[in-house]
Amino acid sequence: MPLWAALIVAIAGGLVYDLGFPGVSWWPLAFVGIAFALLSLIGRSAWAALLVGFAFGMAFYLQQVSWTALYLGPVPWLALSVLESAFVAGGAVLITLAYRWIPRASDARWARLIVLPALVAGLWCLREAATGSIPYGGFPWGRAALSQSESPFADVVSWVGSTGLGFVMVFVVAATIEWVRTRGWRDLRTAIPVVAVALVAMLVPQWQTTDAGTLRVASVQGNGPAGYFDERAQGDILASQLEATEPVLDEPDLDVLLWPEGGSDLDPLRSDRVADIFDRLSEQIDAPVLLNTVTVEGDDEASARYFNTSMLWRAGEGAVATYDKRHPVPFGEYIPDRDFWYALAPDLIGLVQRGYTPGTNPPVFDLGSAITGLAICFDVIYDDLIWEGVDDGAQVFMFQTNNADFVGTDENEQQLAIARLRAIETGRSVVNISTVGTSQVIDPTGRTIDALPADEPGAMVTDVALRDGRTPSVVLGAAVPWILVGGAALGLVAAGLLARRRGRARPGHPA
């Protein structure tokens, strides 16, 4: 395929790949997009692969994260897309080398049909691991697995997590491509590896966790003026949440009242009046309130530290537990290397006046009747935080988020897809409550059992299933990514050395 054609295929692949993700959510198209990406890399030089990979990445990320431009304009959108695409380009070079070296390292048919697809899939995961780790904690948005929350492949995450599912997806595509390239139809036995992997992935049932009863949760979406640029007076968001909470105050036997991220724009730890409000709420429902607000450590403005804090509030006791957001959003909730970036974009950087400090406290609350795991908005995309929650005893997850700055975009649906996969991965119910919606309650199988529409105030009272036990995905934790990524890196080095050795042994066939 000439370079100009490869660029067209790569761009088409990026566009199609995005259609597999929310909001379109035609999950089979994610496989098609991966196929286009791989086909465009076969036979490329390293520099051409860099260009083709960057084209695929830009076509994908410009759509996938277009919501970043809604209020802040094109600069953050383009910057994030270019950064992520640079990682895709680097990964594309590695995949191109795999396509070059494996056939030279071995003439065996099964090397093409099994080893090469496995290496390509591992290198895809390596690139995803890099984007999810660096810089500034990474951005694990847009991983292949996140397109499959409603597909027959979704249950795989309960066994090997999102990285493992991504590996399976790319292996199936790469193995199918090699089967066609080697004219596998001449011997149908050669289709056994790809067919077996695809069938097992589609038919394997979700790992079953143990029933531990139910929890009656009231969750409230206030639809207040919670956006960064919304006009509001101090206390308006709190007032909206209180108004939306009124219909559930007389509900019997509540175990917890859940509010979203930023549900109170006044800190009850610094205001007796606000503390009294939450005391009365907790007393009226005879249950704790799980709220979120901005807290401050220190009185000197120059040295004060700000936190995005969830707290469990009990009448007469106050905040009996707190969790500070583990992963504040770079360039949204804090500015890393502020002086450097301010020199490049002073107007944009100047919008973020205060920076949130990452939390260190455990992401679980003991509600009395159950233990809940926690994640605040951006936290939900980080595997280690979710695994930590289960390891600390979480029987259910409560995700608090504020999507007010992304109303009308795909961001909320993308985040809900992540929440759905977290439910399947951990075998836990998930209550995902937003300031402005869409909010959902998801059962341990990934099925939505209750929901509130976007841009409307409302409340849900839901009997949520509790679960004990750990899925293989949680037990294995980081071992799966390390094995796949480390194996791919070592495999590529080994393939290069073998190809070089065989090339020296056969003059005229340089490695």
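Cβ atoms are placed via backbone N, Cα and C, with glycine included.
As annotated in TrEMBL, transmembrane segment covers the listed stretch 114-136 rather than the other ranges in 22-44, 114-136.
Only residues 6 or more beyond the boundaries of the transmembrane segment (114-136), in the same chain, are considered here, and those with a CB under 8 A from a CB of the stretch are 34, 38, 84, 87-88, 90-91, 94-95, 98-99, 102-103, 106, 142-144, 163, 166-171, 174-175, 177-178, 193-194, 330, 336, 381-382, 481, 484-485, 487-489, 491-492, 495.
Remote same-chain residues near the transmembrane segment (188-207) are listed as 109-110, 113-114, 117, 152-153, 155-156, 158-159, 165, 168, 171-172, 175-176, 179, 182, 424, 427, 445, 471-473 (criterion: CB distance under 8 Å, separation of at least six residues from the stretch ends).
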